[in-house]
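Novice: Pulled these from Swiss-Prot:
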- SER193, ASP195: Na(+) binding site (BINDING)
- CYS157-CYS171: disulfide bond (DISULFID)
- CYS221-CYS222: disulfide bond (DISULFID)
- ASN59: N-linked glycosylation site (CARBOHYD)
- ASN172: N-linked glycosylation site (CARBOHYD)
- 364-395: region 'Disordered' (REGION)
- 326-462: topological domain 'Cytoplasmic' (TOPO_DOM)
- 241-261: transmembrane segment (TRANSMEM)
- 271-291: transmembrane segment (TRANSMEM)
- 305-325: transmembrane segment (TRANSMEM)
- 463-483: transmembrane segment (TRANSMEM)
Amino acid sequence: MKRNNLSSFYVSLWLLFTATMLQAVESAKGKYAQMLFNELFEDYSNALRPVEDTDKVLNVTLQITLSQIKDMDERNQILTAYLWIRQSWYDAYLKWDKDKYDGLDSIRIPSNLVWRPDIVLYNKADDDFSEPVNTNVVLRYDGKITWDAPAITKSSCVVDVSYFPFDSQQCNLTFGSWTYNGNQVDIINSLDSGDLSDFVEDVEWEIHGMPAVKNVITYGCCSEPYPDVTFTLILKRKSSFYIFNLLLPCILISFLAPLGFYLPADSGEKVSLGVTVLLALTVFQLMVAEIMPPSENVPLIGKYYIATMTMITASTALTIIIMNVHHCGSEAKPVPQWARVVILDYMSKIFFVYDVGENCTSPRREKEQEHRLEGGDMCRGGDGKSHLSSRNDDSDLKENLNGNWNKSFGVHGENVRENVNCCSCYKMLIKNIEYIANCVRDHKANRAKGIEWKKVAKVMDRFFMWIFFIMVFFMSVLIIGKAA
């Protein structure tokens with residue numbers, strides 16, 4: 001028991017001694033750091049370029065880390081990004097011998113105390129010209145200064161929406177010195193591309209790279225070169241949102257348009273369906289126009305909307321024409337022979353359009369009806385002949401009756417005269433029946449003419465329905481193929 005207490009006592013003493021030594025070291029470090037700071041900045045000025053020889057070029061190493069894409073405003077063509085900007089350079093006046101300061105090799109001081117390169121974003125699209133964030137810099141014993149500063153940048157980005165919503169964008173971030181030329185400050189990119197290791201995944205865009213390229217430009221105003229480093233941010237749009245909210249509804253609505261040809265002409269809704277679909281697509285077109293920049297490049301989905309709206313307009317116009325054909329009455333001319341052969345004989349069989357009571361197993365029904373009608377006409381012709389013969393018989397009968405009337409002047413002659421009057425009544429009845437038969441015959445002919453025109457309209461409906469279905473299908477495949 002005493003042995004355990006003794007060991008615990010020694011452990012406590014060791015921990016106390018270690019903590020005391022660390023505190024002494026820290027206080028010594030702090031003492032040397034304060035001494036070093038006072039000696040370094042006693043005669044230091046951050047207004048001048050920190051080189052011993054003014055003809056010497058000061059190299060500034062630049063590294064960009066992309067943390068997050070905050071916004072991509074396609075309409076105003078502005079990219080808002082959250083960056084970590086690391087700059088490092090050597091200050092010839094901020095060096096020390098670390099052995100004289102108890103091995104102190106680096107200190108952290110506010111960045112506004114040292115000279116800083118005036119590197120700015122050339123293609124900045126922000127109205128706020130605020131100064132850089134005043135974060136600390138790391139100052140090493142050999143004079144190397146490392147300055148890490150966060151920045152929310154708004155840069156101009158030329159947006160090409162030709163393949164929206166399956167588009168890819170390339171946005172440039174160009175950094176360079178605002179006042180120093182290449183003979184005074186040279187910019188060197190530390191990596192061949194921007195650092196994407198800490199990138200927070202965006203819900204709308206995929207990052208496919210951020211290559212960096214150094215450019216040396218000579219402007220017309222000056223003969224000195226001006227270097228800059230351009231980081232090209234390659235973005236690929238995630239199109240699922242736009243597919244389910246803009247493209248897929250448009251495709252479904254487009255397939256509704258050809259069904260207007262399948263509606264019965266007497267329903268009165270054929271034109272209404274086309275106009276309703278056209279208005280729905282107009283709403284989607286306006287939604288796309290609100291988010292796209294007003295440029296001459298029409299997006300792919302916009303072209304699809306325009307093509308679909310043109311197709312629906314054509315289908316509505318054809319529907320109106322076909323409805324006029326459908327409602328041709330007795331005043332219309334008969335169906336032309338070419339239309340009878342092409343539309344009624346061939347196309348009606350291809351598109352399975354038959355009369356009431358007719359199906360695909362009885363294609364000769366019309367011919368049989370024609371044969372029956374011709375037979376009926378022959379019978380009616382026979383009736384006409386019998387009527388003519390009966391009329392001749394009546395005249396013969398009248399002559400005989402007149403002869404008998406002259407021969408006999410008795411009661412028998414009066415009976416014969418009554419028979420003649422009855423024959424006259426029969427003749428009037430026959431004339432009335434013939435008139436009624438002619439009216440019925442004309443009515444049937446006009447009705448058959450209207451039925452033929454209705455069948456022509458129905459065949460045209462089926463024909464254009466399949467034509468427009470094929471057009472919608474190929475348009476949908478075309479837009480998906482272009483996206484791929």
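Cβ coordinates come from backbone N, Cα and C, glycine included.
Quick one: how deep are these features, and who are their neighbours?
Specialist: Reduced to three states, the DSSP call for ASP195 (Na(+) binding site) is strand. If you take the C-beta of ASP195 (Na(+) binding site) and look for same-chain residues 6 or more apart in sequence within under 8 angstroms, you find GLN63, ILE64, THR65, LEU66, TRP84.
Annotation note: CYS157 (disulfide bond) sits in a coil segment as assigned by DSSP. For CYS157 (disulfide bond), the same-chain residues 6+ apart in sequence whose C-beta sits under 8 angstroms from its C-beta are MET72, GLN77, ILE78, LEU79, GLN169, CYS171, ASN172.
For CYS221 (disulfide bond), the number of other Cβ atoms no farther than 10 Å from its own Cβ, over all displayed protein chains, is 6.
Under the three-state DSSP scheme, ASN59 (N-linked glycosylation site) falls in the strand class.
Mapped onto three states, the DSSP output places ASN172 (N-linked glycosylation site) in strand. All protein chains shown were included, and the count of other CB atoms within 10 Å of the CB of ASN172 (N-linked glycosylation site) stands at 16.
Through the fold, the transmembrane segment (463-483) approaches residues 163, 166, 239, 247, 251, 254-255, 257-259, 261-262, 300-301, 304, 307-308, 311, 315, 318, 322, 347, 351 of its own chain, all at least 6 residues removed from its boundaries and within a Cβ separation under 8 Å.
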Novice: Among the recorded positions ASN59, SER193, point out the residue whose Cβ has the most other Cβ atoms within 10 Å, with all shown protein chains included in the count.
Specialist: SER193
Novice: Using a 10 Å cut-off, grab the number of neighbouring Cβ atoms around the Cβ of CYS222 (disulfide bond), all chains included.
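Specialist: I count 9 other Cβ atoms within 10 Å of it.
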Novice: Please report how many Å separate the Cα atom of ASN59 (N-linked glycosylation site) from that of CYS221 (disulfide bond), as a whole number.
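Specialist: Cα to Cα, ASN59 (N-linked glycosylation site) and CYS221 (disulfide bond) are separated by 24 Å.
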Novice: Taking the Cβ of CYS171 (disulfide bond) as centre, how many other Cβ atoms lie within 10 Å?
Specialist: 22
Novice: If you measure CYS222 (disulfide bond) to SER193 (Na(+) binding site) at Cα, how many Å is it?
Specialist: 30
